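Engineer: One structure, as structure tokens, below. Some questions next.
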Amino acid sequence: MPIRVPDELPAVNFLREENVFVMTTSRASGQEIRPLKVLILNLMPKKIETENQFLRLLSNSPLQVDIQLLRIDSRESRNTPAEHLNNFYCNFEDIQEQNFDGLIVTGAPLGLVEFNDVAYWPQIKQVLEWSKDHVTSTLFVCWAVQAALNILYGIPKQTRTDKLSGVYEHHILHPHALLTRGFDDSFLAPHSRYADFPAALIRDYTDLEILAETEEGDAYLFASKDKRIAFVTGHPEYDAQTLAQEYFRDVEAGLDPEVPYNYFPHNDPQNTPRASWRSHGNLLFTNWLNYYVYQITPYDLRHMNPTLD
């Protein structure tokens, strides 16, 4: 799916170098079709890097996807130029009267922070409440899953003693589920989190359908039966080097991190890691766009009436 972004967004040239189909706004205006409107709430510190990762996964289908980037933290960023944020991001007040086909809420490095201590926790709750009436389907990633489970279902924050970092095997529980259509029975995906997601806890607190689990019984992929919300507890959007960058950052900070599991060849950080989850990540986002967004969203977004027909 060609993603539709502003002509000057840095991701345009970055993704074109990878032969990813990126359609600038000026070119898209000549096509008489309605693009899917997808809002990305980017909570990661390195916003440009995160943009590249998610836009890459949203680019593999014949329809246009019109991307809008959202920020809710007004504090000065230490990792992203203010000019970039001012040029390419909107504030919630700018879009709160609009409707969107899809919303993606990214992860955030807040696994050890209590929810009420998160600087923008009230804004997170505001966006999630707003999305019930203004978004067809929302996809939560990693920390955003934990936040959404607390806000929407009252599930207390579950924190691991040690950080889960590495590339783990998962297995699908419902081979004919739309979100896992085309998945291998077992597949790999990266994790980088302190949050804990026991499958039994999800089943006890919610009516969400768990579609894939880790070998240890953690929920990886789950969704509501009406397709309005979906959750992925890992980071299928990560580049091959992202876990390495996080590991060496923590080493330099003197944190003595564990070597990411099943990631570096021969478990040696001096070896170059390879992405073993790329096909899974692409298929997951393609399925979400197709079955959870495109097939149930109304043609006229002025009238939000998602349907499963």
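Every residue, even glycine, has its Cβ placed from backbone N, Cα and C.
For reference, Swiss-Prot lists these features for the protein:
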type	residues	note
SITE	Gly111	site 'Important for acyl-CoA specificity'
ACT_SITE	Cys142	active site, acyl-thioester intermediate
BINDING	Lys163, Ser192, Arg249	substrate binding site
SITE	Ser192	site 'Important for substrate specificity'
ACT_SITE	His235	active site, proton acceptor
ACT_SITE	Glu237	active site
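A description of the local structural setting of each listed feature is requested, covering burial, neighbours and distances.
Structural biologist: The Cβ of Gly111 (site 'Important for acyl-CoA specificity') has 19 neighbouring Cβ atoms from other residues within 10 Å, across all protein chains displayed. Secondary structure from DSSP puts Gly111 (site 'Important for acyl-CoA specificity') in coil.
A 10 Å cutoff on Cβ-Cβ distances gives Cys142 (active site, acyl-thioester intermediate) a total of 30 other Cβ atoms nearby, all chains included. For the recorded site, Cys142 (active site, acyl-thioester intermediate), the DSSP three-state label reads coil.
Just so you know, the Cβ of Arg249 (substrate binding site) picks up 11 other Cβ atoms within 10 Å once every protein chain is counted.
Ser192 (substrate binding site) falls within a strand when secondary structure is assigned with DSSP. For Ser192 (substrate binding site), applying a Cβ distance below 8 Å and a minimum sequence separation of six or more within one chain yields Cys142, Lys163, Leu164, Ser165, His235, Tyr238, Thr242, Leu243, Glu246, Pro260.
Mapped onto three states, the DSSP output places His235 (active site, proton acceptor) in coil.
Counting only same-chain residues six or more apart in sequence, the Cβ atoms lying under 8 angstroms from the Cβ of Glu237 (active site) belong to Thr50, Gln53, Phe54, Arg56, Leu57, Val141, Gly281, Phe285.
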Engineer: Please identify, from the recorded positions Lys163, His235, the residue with the sparsest Cβ neighbourhood, meaning fewest other Cβ atoms within 10 angstroms.
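Structural biologist: The recorded positions Lys163, His235 were compared, and Lys163 has the fewest Cβ atoms within 10 Å.
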Engineer: Could you tell me the maximum Cα-Cα distance in Å between the residues recorded as binding substrate, namely Lys163, Ser192, Arg249, rounded to a whole number?
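Structural biologist: Between the outermost Cα atoms of Lys163, Ser192, Arg249, the distance is 14 Å.
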Engineer: Using the CB centroid of Lys163, Ser192, Arg249 as the substrate site centre, which other residues of the same chain sit with their CB within 8 A?
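Structural biologist: Neighbours found: Pro109, Ser165, Leu243, Glu246, Tyr247, Asp250, Pro257, Pro260.
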Engineer: Measuring Cα to Cα, how many Å separate Gly111 (site 'Important for acyl-CoA specificity') from Arg249 (substrate binding site)?
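Structural biologist: With distance taken Cα to Cα, Arg249 (substrate binding site) is 17 Å from Gly111 (site 'Important for acyl-CoA specificity').
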